[in-house]
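*Asks:* One structure, pasted below without further comment.
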Amino acid sequence: MAKVELKAPDGPPSDVERIKQESRYLRGTLAETMEDPLSAGIPDDDNRLMKFHGSYLQDDRDVRTERQKQKLEPTYQFMIRVRTPGGVATPEQWLVMDELARKYANGTLKLTTRQAFQLHGVLKWNVKKTMQAINGALMTTLAACGDVNRNVMCNPNPYQSEVHAEVYEWAKLISDHLLPRTRAYYEIWLDDEKVAGTPPVDGEEEPIYGPTYLPRKFKIGIAVPPSNDVDVFSQDIGFIAIVEDGKLAGFNVAIGGGMGMTHGDKTTYPQLAKVIGFCKPDQVVEVAEKIMTVQRDYGNRSSRKHARFKYTIDRLGLEAVKEEIERRLGWRLGEARPYHFEHSGDRYGWVEGVNGTWHFTLFVEGGRVKDYDDYKLMTGLREIAKVHTGDFRLTPNQNLIIANVTSEKKPEIEALIAKYGLTDGRRYTALRRNALACVALPTCGLAMAEAERYLPKLLDKIEEIIDENGLRDEEITIRMTGCPNGCARHVLAEIAFVGKAVGKYNMYLGAAFNGTRLGKLYRENIGEEEILRELRMLLSRYAKERLDGEHFGDFVIRAGIVKEVTDGTNFHD
């Protein structure tokens with residue numbers, strides 16, 4: 001195939017590119033600065049590199065101003081993210097994470113929207129011990145953050161449960177294949193001996209990434225229709241499993257999704273991935289690699305906010321990018337096969353799997369595993385992990401599946417669920433069961449407003465409106481993020497709130513219930529009083545005027561309340 005004439009955008013490299021180039025494959029001076037006793041933080045250059053190792057330097061923003069008044073440095077702490085491909089963890093791994101959360105972190109575990117674990121509040125002096133314990137449990141934090149391929153997602157509880165093992169295996173293979181090859185991680189955290197001599201020549205240590213890795217983060221997810229729980233179109237690469245006659249026939253390939261944008265900058269926008277073809281299962285790892293290398297070579301390394309793959313595709317053209325992918329593969333993708341998505345939520349409660357096994361999906365509000373005064377969630381899960389013989393699966397909706405429970409073990413697990421009052425969410429409204437929120441304040445440095453701490457309280461008030469209109473069991477997706485970067489995939493929710501300032505949010509409406517359409521800006525910079533007033537009007541109209549089976553996101557478009565977004569490039573129109 002002839003080489004397509006593509007070019008990377010002009011402009012000087014960003015400072016992050018300099019940091020990566022000079023880092024000697026992610027080493028920087030991390031080994032030294034993490035040992036420096038004079039500060040609980042680390043320099044900015046090393047913090048940029050720290051992300052590749054799976055950690056962010058943060059501080060407690062609740063006390064930041066008071067600390068400044070006292071002329072004290074911020075209360076620095078580290079967030080550590082554990083990559084768990086497909087969200088699968090053993091009971092032994094769960095117990096390790098539980099112990100680390102209580103010993104070194106803030107006493108809680110965060111289940112993320114990318115099926116990973118997060119520990120918050122880890123002090124600098126405890127980071128290395130935490131990293132070593134995580135690796136001792138056969139998990140890793142390498143490439144959980146940074147300009148690399150992140151945690152690979154996959155549906156943890158498909159309707160065709162026999163397909164899960166195969167799809168999960170491919171998710172793991174993709175994840176392993178795209179891990180950075182540098183020894184820096186092992187040297188710094190696991191006391192591996194340093195590589196002798198001078199640093200290797202460019203490309204030798206990173207055969208896929210090269211010395212400057214990717215222009216920006218890169219995300220991959222695998223969906224198994226009819227469930228779109230991974231929000232496959234939000235991914236840089238979305239693989240849609242095609243199951244024929246109960247067997248995995250292959251994957252449709254979608255490219256160029258991404259949720260992030262910048263307030264006030266219309267050159268930034270969310271975008272949905274577009275399907276470009278089909279590949280067989282044994283081709284999926286190669287396809288993922290070749291697609292990622294196109295972004296490596298042609299992505300924007302000058303402007304970080306325009307560096308995601310979605311902008312590369314929109315700049316070069318979908319067909320040109322597809323041709324370049326196929327040129328690198330040396331063969332053409334097949335024709336995309338039919339598929340259908342029904343929803344993007346979880347299947348709560350007990351679901352029967354194959355070979356006499358059962359899966360229990362637990363509702364975990366905000367993905368936060370902790371012991372509350374009246375709800376010992378963390379303790380209950382710890383006790384279950386001690387006797388569980390299957391696995392745990394973190395869902396893309398921040399919930400948890402106690403999976404592969406044998407019929408013999410089920411009564412014991414049921415007894416512990418009952419003892420600790422662990423809930424499948426059925427006592428809550430369908431709206432709350434379909435809610436997502438990012439961490440935001442007080443630890444995220446990018447947050448402009450609350451999300452995880454505020455959404456449950458806002459839902460208490462929205463639920464009064466829901467009940468007034470007889471919509472308690474109506475499935476509506478609602479999501480909140482503290483900034484427009486989109487960690488909770490906000491613009492794929494039928495109702496979305498994006499933090500603009502403390503107590504103020506932009507409100508979006510009209511995304512598809514099954515994650516196949518973006519939402520549209522409806523109101524800007526509004527507070528709680530106006531949010532509730534708008535929702536009272538909207539939900540009242542929906543209850544009275546909806547068609548049979550019509551979802552809320554579809555209704556607001558049909559009723560002319562917001563315009564339909566047909567592509568990310570017209571998101572701001």
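Placed from the backbone N, Cα and C atoms, the Cβ positions cover glycine too.
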*Asks:* Tell me which range among 1-20, 341-360, 381-400 Swiss-Prot lists as region 'Disordered'.
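*Replies:* My reading of Swiss-Prot: the region 'Disordered' range is 1-20.
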*Asks:* Within 10 Å of the Cβ of C438 ([4Fe-4S] cluster binding site), how many other Cβ atoms are there?
*Replies:* 28
*Asks:* Helix, strand or coil: which one is C438 ([4Fe-4S] cluster binding site) in, per DSSP?
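*Replies:* In three-state terms, C438 ([4Fe-4S] cluster binding site) counts as coil.
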*Asks:* Sequence gap of 6 or more, Cβ distance under 8 Å: name the residues on the same chain that satisfy this around C487 ([4Fe-4S] cluster binding site), in order along the sequence.
*Replies:* T112, T113, C438, V439, T481
*Asks:* What does the DSSP secondary structure composition of the region 'Disordered' (1-20) look like, as residue counts for helix, strand and coil?
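*Replies:* Within the region 'Disordered' (1-20) the tally stands at 6 helix, 0 strand, 14 coil.
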*Asks:* List the other residues in this chain whose Cβ sits within 8 Å of the Cβ centroid of the [4Fe-4S] cluster site residues C438, C444, C483, C487, in sequence order.
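*Replies:* Here the nearby residues are V439, A440, L446, A447, A451, T481, G482, N485, A488.
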